Amino acid sequence: MAGISQDWEPVVIRKKAPTAAARKDEKAVNAARRAGAEIETVRKSTAGTNKAASSSTTLNTRKLDEDTENLAHEKVPTELKKAIMQARMDKKLTQSQLAQIINEKPQIIQEYESGKAIPNQQIISKLERALV
């Protein structure tokens, strides 16, 4: 048995390579320094700032500041709210009864009579049909 030899290659089992987060870990960096490995440090240009979030908003805020339009919802005109109230009282209806007739919530009638509602042509038409 003098000529016995191995026919296979040795298998080396290693741990998997460290992830990007693990390579940046302080312990890993110190171990690399001790081993004499080359370490590269790169500072990001926007690190520690919120430039990415604020850079695009400055253009939008400037446009909004320069915009002089009055952005408000249209309200019910005084003549309309008085007309609705007067017609409802002439028919001796409460706000709830009128709301039930036109299949709307009583709150909508209240908003129209107080002038706080945003005019909706469909509701105005329903009110007109019910009160004429």
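In case you wondered, yes, glycine gets a Cβ from its N, Cα and C as well.
Here is what TrEMBL records for this protein:
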{"type": "REGION", "residues": "24-70", "note": "region 'Disordered'"}
{"type": "COMPBIAS", "residues": "44-61", "note": "compositional bias 'Polar residues'"}
{"type": "DOMAIN", "residues": "84-131", "note": "domain 'HTH cro/C1-type'"}
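Across the domain 'HTH cro/C1-type' (84-131), the DSSP tally of helix, strand and coil residues reads 34 helix, 0 strand, 14 coil.
Summarised as a single figure, the pLDDT of the domain 'HTH cro/C1-type' (84-131) averages 93.
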